[in-house]
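So the structure is just underneath, and the comments pick up after that.
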Amino acid sequence: MFLSSVGFSIVIMSIWPYLHKIDQTADASFLGWVIASFSLGQMVASPLFGLWSNYRPRREPLIVSIFISVAANCLYAYVHVPAAHNKYYMLMARALMGFGAGNVAVVRSYIAGATSLEERTGSMANTSTCQALGFILGPVFQTCFVLIGEKGVTWDTIKLQINMYTAPVLLGAFLGILNIILIITILREHRVNDSGQQCKNTNFEEASTDEPHILQRNIDQVAVVATNVLFFVVLFIFALFETILTPLTMDMYGWTQEQAVLYGGIILAALGVEAVVIFMGVKLLSKTIGERAALLGGLTVVLAGFLILLPWGSQLPKVQWEDLHNNSVPNTTFGETIIGLWKSASERQNEPPTGCPVEQAWCLYTPVIHLAQLLTSAGLLGIGYPACNVMSYTLYSKIIGPRPQGVYMGWLTASGSGARILGPVFISHVYTYLGPRWAFSLVCGIVVLTITLLGVVYKRLVAFSVRHGGIQG
């Protein structure tokens with residue numbers, strides 16, 4: 001999970017300049033499709049790899065999926081070679097990267113099958129910690145590759161350009177190969193039941209000979225669907241917060257695009273470090289109060305974070321009266337916000353005035369969100385999000401029980417991918433036309449409904465073995 005996360009996050013900040021360099025016809029709208037294609041690919045692949053892992057050794061879908069990611073990284077490094085339609089090759093490469101990332105479902109399924117109920121929360125938290133560290137360190141490595149420069153070096157024999165844009169994906173391909181070697185040499189099929197007793201593994205038919213009286217029981221599908229919804233909302237909320245952070249700070253505080261991206265990046269990096277701490281701490285907390293209570297507490301903290309983010313008081317933000325485009329949501333797409341990172345020095349000299357553009361009517365009457373509010377809200381989200389994240393899919397794996405969980409984990413991963421697509425779309429449109437008060441009020445409403453849903457199904461969110469009397473809860 002760590003190597004895969006690094007391989008993904010290491011290319012994020014270089015997508016736009018590379019796309020613009022290889023194909024001048026690519027615009028910000030197409031950039032949005034390139035970014036979204038990863039989640040779309042993962043959403044399609046997750047159930048497929050999960051189904052595969054139910055009936056075959058898990059190393060097979062893992063190796064194949066990582067090989068697809070390696071091939072996609074290599075394609076990404078060569079998209080400059082075709083004479084035309086380069087942007088579509090990049091779109092294909094990113095979609096294939098997402099398709100390969102569908103192996104997250106297999107990893108979670110493996111952990112669920114290889115751990116007892118007592119071990120599972122800690123193992124899931126450790127996995128999330130490794131994933132979070134990968135997402136934090138990836139952009140750091142990307143920054144180091146900037147030293148190579150745009151020109152870099154060219155290996156003419158194989159038409160390979162090694163520069164600040166291609167070096168990250170080549171490292172990602174190398175990490176993928178390293179991952180495959182580790183899987184072949186170290187990973188062993190291992191399955192235990194919820195009590196920790198060794199079982200046969202690989203598929204349902206073999207497993208059923210060990211514990212037929214348990215496997216004949218039905219999974220609580222209401223709890224399964226409810227947990228999918230809870231997981232979707234958790235990722236939906238964090239995705240929309242990441243999306244709105246840059247335009248919100250530009251509109252509220254009059255920051256330039258460079259300032260918004262820099263300070264926003266620092267905030268998100270701090271949240272990543274905070275998440276690592278929370279992932280480790282939640283293991284101990286869940287042993288004391290249980291996963292359900294930890295999930296409820298996390299959602300409550302998230303709700304508090306968005307309540308604090310609501311505009312209060314009488315001070316208004318600085319308004320940009322001219323008919324200018326400062327890359328805030330109403331005049332740009334998410335892709336255009338990314339583009340601003342790579343403006344030339346001459347373009348920066350002509351940077352337009354900052355502030356909340358008058359085209360957004362709400363700028364004239366909506367109170368400013370103070371920086372202290374934003375930082376406090378971000379800190380609370382940094383506590384609530386990781387707790388909800390790991391608790392939701394830990395509960396999910398326990399609800400499913402001793403059966404092979406590949407397909408179920410595939411659907412859970414797919415719901416998370418869908419949330420990362422829909423969250424930014426939702427917040428950008430509501431924020432643009434109605435402003436932060438309506439946007440964050442609606443988010444608060446969604447969280448309240450989610451807490452209500454959790455309350456309704458609270459007693460059903462129990463481990464399969466506990467529900468059917470195999471283990472005392």
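The backbone N, Cα and C atoms fix where each Cβ goes, glycine too.
Here is what TrEMBL says about this protein:
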DOMAIN    1-462  domain 'Major facilitator superfamily (MFS) profile'
TRANSMEM  31-50  transmembrane segment
TRANSMEM  62-79  transmembrane segment
TRANSMEM  91-111  transmembrane segment
TRANSMEM  132-149  transmembrane segment
TRANSMEM  169-187  transmembrane segment
TRANSMEM  222-241  transmembrane segment
TRANSMEM  261-282  transmembrane segment
TRANSMEM  294-313  transmembrane segment
TRANSMEM  374-396  transmembrane segment
TRANSMEM  408-432  transmembrane segment
TRANSMEM  438-458  transmembrane segment
Report, as numbers and ranges, every residue of the chain located at least six residues beyond the transmembrane segment (438-458) whose Cβ falls under 8 Å of a Cβ in that stretch; write 'none' if there are none.
222-223, 226, 229-230, 233, 236-237, 240, 244, 292, 295-296, 299-300, 302-303, 306-307, 309-310, 427, 430-431
Could you tell me whether the transmembrane segment (31-50) and the transmembrane segment (374-396) are in contact, taking contact to mean 3+ Cβ pairs under 8 Å with a sequence separation of 6 or more?
no
Excluding the flanking five residues on each side, which residues at least 6 beyond the ends of the transmembrane segment (222-241) place their CB within less than 8 Å of a CB in that stretch?
295, 302, 306, 378, 381, 385, 388-389, 392-393, 395-396, 399-400, 408, 411-412, 415-416, 418-420, 422-424, 426-427, 443, 446-447, 450, 453-454, 456-457, 460-462
The transmembrane segment (408-432): which same-chain residues, six or more beyond its ends, come within Cβ distance under 8 Å?
36, 39-40, 42-44, 46-51, 98, 102, 104-106, 108-109, 112, 224, 227-229, 231-240, 242-244, 247-248, 329-330, 334, 360, 393, 396-397, 400, 438-439, 442-443
Top stretch among 31-50, 62-79, 91-111, 261-282, 294-313 for CB pairs under 8 A with the transmembrane segment (169-187)?
62-79
Residues sitting near the transmembrane segment (261-282): Cβ under 8 Å, six or more positions beyond its termini, same chain?
121, 125-126, 128-129, 132-133, 135-136, 139, 242, 245-246, 249, 255, 294, 340-341, 375, 378-379, 381-383, 385-387, 390-391
